[in-house]
């Protein structure tokens, strides 16, 4: 109950409403050649160093591209170079294209799945960690209206890296410091477990 209440406060006080973007998916496909090397043609990256962006909410993808280009609250040297030549419409078109593709689902580690399921669905109350599904949904589909990303199917290693970056303050583009506050309370074991569960999470 406590974790549910905490999550509800996050939802009310920290969510940033997404605005529907007017991207052209066909134009985005034509512009996606520079994305293919890391994210593959459809956005389902083969390497867990790079996120799967297929099926991710368009508004969320657009926001990340803008923030990579600004380089203030989210910086990555590789992405900074990739987005440097993109204008606003380019970013909207790319977001529209990749969001229209289907994300592939991986498999959870059997040794981690029970702890991961517990954290994702009920949180870790003793540590003050709320349930992930309060914002990201029971099947990991996220909440486009609040700009909470889809997680289900994402590479576990990538998810762990993001949680670690939030905890270290290296990634700072979360509304109201929501993810930084949550990740700060999580152990490495908890991060790895919930990330593994998320990789195998589907509808």
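Heads up, the Cβ atoms here are built off N, Cα and C, so glycines get one too.
Where the annotation comes from TrEMBL, it is an automatic prediction and has not been curated.
Residues annotated as signal peptide in TrEMBL: 1-20. Look at TrEMBL and you will find 23-102, 111-202 tagged as domain 'Cytochrome c'. According to TrEMBL, the heme c 1 binding site annotation covers 35, 38, 39, 79. Among the features that TrEMBL reports, heme c 2 binding site is placed at 132, 135, 136, 179.
On the structure: features taken from TrEMBL.
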residue	record	contacts (Cβ under 8 Å, 6+ apart)
35	heme c 1 binding site	43, 53, 82, 94, 98
38	heme c 1 binding site	45, 47, 49, 50, 78
39	heme c 1 binding site	45, 50, 51, 52, 53, 98
79	heme c 1 binding site	68
132	heme c 2 binding site	119, 120, 121, 123, 151, 194, 198
136	heme c 2 binding site	142, 143, 148, 149, 150, 151
179	heme c 2 binding site	163, 166, 171
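Helix, strand and coil residue tallies for the domain 'Cytochrome c' (111-202), in that order: 54 helix, 4 strand, 34 coil [DSSP]. A coil conformation is recorded for residue 35 (heme c 1 binding site) in the three-state DSSP classification, outside any helix or strand. Of all the Cβ atoms in the protein chains shown, 22 others lie within 10 Å of the Cβ of residue 135 (heme c 2 binding site). Excluding the listed site residues 35, 38, 39, 79, the same chain places 34, 36, 37, 45, 50, 53, 82 with Cβ atoms within 8 Å of the centre of the heme c 1 site Cβ atoms.
Predicted-model confidence for the domain 'Cytochrome c' (111-202) is 98, expressed as mean pLDDT. Using the Cβ center of 132, 135, 136, 179 for heme c 2, the list of other same-chain residues with Cβ within 8 Å runs, in sequence order, 133, 134, 148, 151, 178, 182. Using DSSP to sort the residues of the domain 'Cytochrome c' (23-102) gives these counts of helix, strand and coil: 46 helix, 0 strand, 34 coil. Of all Cα pairs drawn from 35, 38, 39, 79, which the record names as binding heme c 1, the longest spans 12 Å.
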